[in-house]
Amino acid sequence: MANIEKDHQKVILVGDGAVGSYYAYALTLQGIAQEVGIVDIFKEKTQGDAIDLSDALAFTSPKKIYAAEYSDAKDADVVVITAGAPQKPGETRLDLVSKNLKILKTIVDPIVESGFNGIFLVAANPVDILTYATWKLSGFPKERVIGSGTSLDSARFRKDIAEMVNVDARSVHAYIMGEHGDTEFPVWSHANIGGIKISEWVKAHPEVKEEELVKIFESVRDAAYTIINLKGATFYGIGTALARITKAILDDENAVLPLSVFMDGQYGLNDIFIGSPAVINRSGITNILEIPLTDHEMESMHKSAKQLKDIVTKAFEELDIETRQ
């Protein structure tokens, strides 16, 4: 890693759209990293955002924020990729595959050529497929290529459960796993409120109906569509999730977060990036937590993985993209 050992933490953000600009804002507000470079093809807008963000520093903490070039990634600790074609109303994340794979190659190649030796964090959609593509295009070790995965989905899940039972969302422990998209699934078997399983909570609180739990998951799964139809894009939630992941990396936290990670036998899956709880620190992914799933949950995991694998295989064949591994 380039700078973490020196107590100077540097992030390069590629993509200054709605998600990227809010992510940079979240880093600024939370005092994460000492240096943030922003790369985008719309350079004037990026320069404006860098100046605007810098104006907030007197209220937050010292930081260097600037419009960057790909070459600035050379000594960065983390490169965060949010650039890509946006998801339109009525469009699934998987509809974006071919467009965003082409864009991704134009990003990863110059980043690698800069001499970058840190961690890739991918948020562009479809995130599981683009994380896999970043790994293939970069030639980086699988531990140092990470996708935002189901981090936002799990946060939504916890928040909605918390609202239903009237507790703090931070006291709810629950995961969404699989694809960040239509085939994701809730891990009800391990969901708990302060250590009490959801199933036990429902028994003890008759006012909580099991049908409400089903509606909660459907709301979580479809949240992006709802938000996009209402305001055109999602960015506050995912920008904050990316800031949380970045902090876990830079501060060497060994945090357990639901991320898009490379499967090497876990859950019976191989050669795919998919959402699962994993331990993350400044080295990247150090351990994938293989949660004991029910038969139904395991079936859902494999269904999700099959869809992702089928699409990524087809996309790479059709686009004939040259990779480094």
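Backbone N, Cα and C define each Cβ position, glycine as well.
Pulled from Swiss-Prot, these are the features on record:
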type	residues	note
BINDING	Val19, Asp40, Lys45, Tyr70, Gly84, Ala85, Thr106, Ala123, Ala124, Asn125, Ser148	NAD(+) binding site
BINDING	Gln87, Arg93, Asn125, Pro126, Val127, Asp128, Asp153, Ser154, Ala155, Arg156, Thr234	substrate binding site
BINDING	Arg158, His173	beta-D-fructose 1,6-bisphosphate binding site
ACT_SITE	His180	active site, proton acceptor
MOD_RES	Tyr225	phosphotyrosine
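Distribution of Swiss-Prot features across the structure.
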residue: Val19; record: NAD(+) binding site; Cβ within 10 Å: 27
residue: Lys45; record: NAD(+) binding site; Cβ within 10 Å: 15
residue: Gln87; record: substrate binding site; Cβ within 10 Å: 20
residue: Ala124; record: NAD(+) binding site; Cβ within 10 Å: 31
residue: Val127; record: substrate binding site; Cβ within 10 Å: 29
residue: Ser148; record: NAD(+) binding site; Cβ within 10 Å: 29
residue: Asp153; record: substrate binding site; Cβ within 10 Å: 29
residue: Arg158; record: beta-D-fructose 1,6-bisphosphate binding site; Cβ within 10 Å: 22
residue: Tyr225; record: phosphotyrosine; Cβ within 10 Å: 17
residue: Thr234; record: substrate binding site; Cβ within 10 Å: 22
(message) To the nearest Å, how far is the Cα of Asn125 (substrate binding site) from the Cα of Gly84 (NAD(+) binding site)?
(response) 7
(message) Distance check, please: Cα of Ser148 (NAD(+) binding site) against Cα of Arg158 (beta-D-fructose 1,6-bisphosphate binding site), rounded to an integer number of angstrom.
(response) 17
(request) By Cβ count within 10 Å, point out the most packed of the recorded positions listed: His173, His180. (result) His180
(request) Would you mind pulling the DSSP three-state label for Ser148 (NAD(+) binding site)? (result) coil
(request) Consider each pair of residues in Val19, Asp40, Lys45, Tyr70, Gly84, Ala85, Thr106, Ala123, Ala124, Asn125, Ser148, all listed by the record as binding NAD(+), and report the largest Cα separation in Å as a whole number. (result) 25
(request) Among the binding-site residues Thr106, Asn125, point out the residue whose Cβ has the most other Cβ atoms within 10 Å, with all shown protein chains included in the count. (result) Asn125
(request) Using C-alpha atoms only, work out the spacing between Asp153 (substrate binding site) and Val19 (NAD(+) binding site) and round it to an integer in Å. (result) 16
(request) List only the single closest residue to Val19 (NAD(+) binding site), chosen from the recorded positions Gln87, Arg158, His173, Tyr225, Thr234 by CA-CA distance. (result) Thr234
(request) For Val127 (substrate binding site), find which of the recorded positions Lys45, Thr106, His173, His180, Tyr225 come within 10 Å, Cα to Cα. (result) His180
(request) Name, in the order they occur in the sequence, the residues of the same chain whose CB lies under 8 A from the CB of Gly84 (NAD(+) binding site) and which sit 6 or more residues away. (result) Gly15, Leu96, Lys99, Asn100, Ile103, Leu104, Ala124, Asn125, Leu130
(request) May I ask which residues of the same chain, at least 6 positions away in sequence, place their Cβ under 8 angstroms from the Cβ of Ala155 (substrate binding site)? (result) Ala169, Gly237, Ala241
(message) Which recorded positions are spatial neighbours of Thr234 (substrate binding site) here, meaning Cα within 10 Å, out of Lys45, Thr106, Arg158, His173, His180?
(response) none
